[in-house]
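Visitor: Taken from TrEMBL, the feature transmembrane segment applies to 7-26, 32-49, 56-78, 84-106, 113-135, 141-160, 181-199, 205-225, 246-269.
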Amino acid sequence: MTNLTKRICSGVVLISLLFCIAYVTVVYDENIASYSSLAIFAIILWEYSRFIKNKVIRLLFLSGFVLIWLLPITLGGVNAYGSFVFYMTIISCLVWVLISLWIFVFDKPHLHNLWIFLLGYLTLIPAFVSLLWIIGNYSGAFILMIIFSVSIADSSAYFVGKKYGKIKLLPNISPGKTREGLLAAIVITPLSLAIYAILMDYPIIGFLLFGLILTPIAFIGDVFFSLIKRSKNQKDSSHLIPGHGGLIDLLDGSIAVLPFFMLLAIYPIDLGFENLDNLINKYFWTYFM
């Protein structure tokens, strides 16, 4: 079985699993999405900790996240800490902007354990809190939309780059990333979301803008985690998913997108997503109930 076949088979299984989780959340128990998110992030933390080769620093990294999970912000709900969550999201978005500048300016595949430790907190905590906030204020349907949108961007960049890519963007960090692949993702992702909006009879502009915003952010998330893996001479974050590697390899772009999506949701910017849950319930779940 080729690696591409493994990727496709694993992708089908994972998509089916996500839809099952979303369905159970909507129909039976709204807390299922939160519990599933905790389980997924626990695996992501374990995978990320493997990048930290110093055992003491790795233990401190994992212990710190355990303490954070015990804080009231996660036990009592992120909505009770609106100001903190808001400013943390702002800082997280700025961190990702700085990471993008750092990647393109230095283009060096080496990071010290302490840098990996610090960047793990600056990127994973906001993503986790954003995930809980989105689920609490909207639902798991938005998480599905983010994951599928990032998957479209990744797939289009991968296949177009593999077939037509000639100009490498970051050869020292991620040799497979090409300018042609990125441009294809920037075009295909918004168009795919626009087609989805047309089928759902929903405002097209909001989905086009979301696709345009999402694609470069997801690209930076992908490259950032590639930088860490290459720095530690690891091809994948783990071998959990055949053909893909680990959850970080699968969700790296979504991790970067989550705080930006949350920021768009907090600010009064109308991208036309207010009634997405109702639309999904009306047009999608009716076919499975």
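Cβ atoms are placed via backbone N, Cα and C, with glycine included.
Just so you know, TrEMBL annotations never went through curation; they're auto-generated.
Give me the lay of the land around each of these features.
Guide: Beyond its flanks by at least six residues, the transmembrane segment (84-106) meets 73, 78, 119, 122-123, 125-127, 129-130, 133, 170, 173, 217, 220-221, 223-224, 227, 256, 259-260, 262-263, 266 of its own chain at Cβ-Cβ distances under 8 Å.
Same-chain residues lying 6+ beyond the ends of the transmembrane segment (246-269) with a Cβ under 8 Å from its Cβ atoms: 14, 40, 43-44, 47-48, 86, 89-90, 92-93, 96, 123-124, 126-127, 130-131, 133-134, 137-138, 142, 146-147, 149-150, 153-154, 210, 213-214, 217-222, 224-226, 236-240.
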Visitor: Are there residues at least 6 beyond the ends of the transmembrane segment (205-225) whose Cβ is under 8 Å from a Cβ of it, and what are they?
Guide: 96, 99-100, 103, 119, 123, 146, 149-150, 153-154, 157, 170, 173-174, 177, 182, 185-186, 189-194, 196-197, 237, 248-249, 252-257, 260-261, 264, 270-273
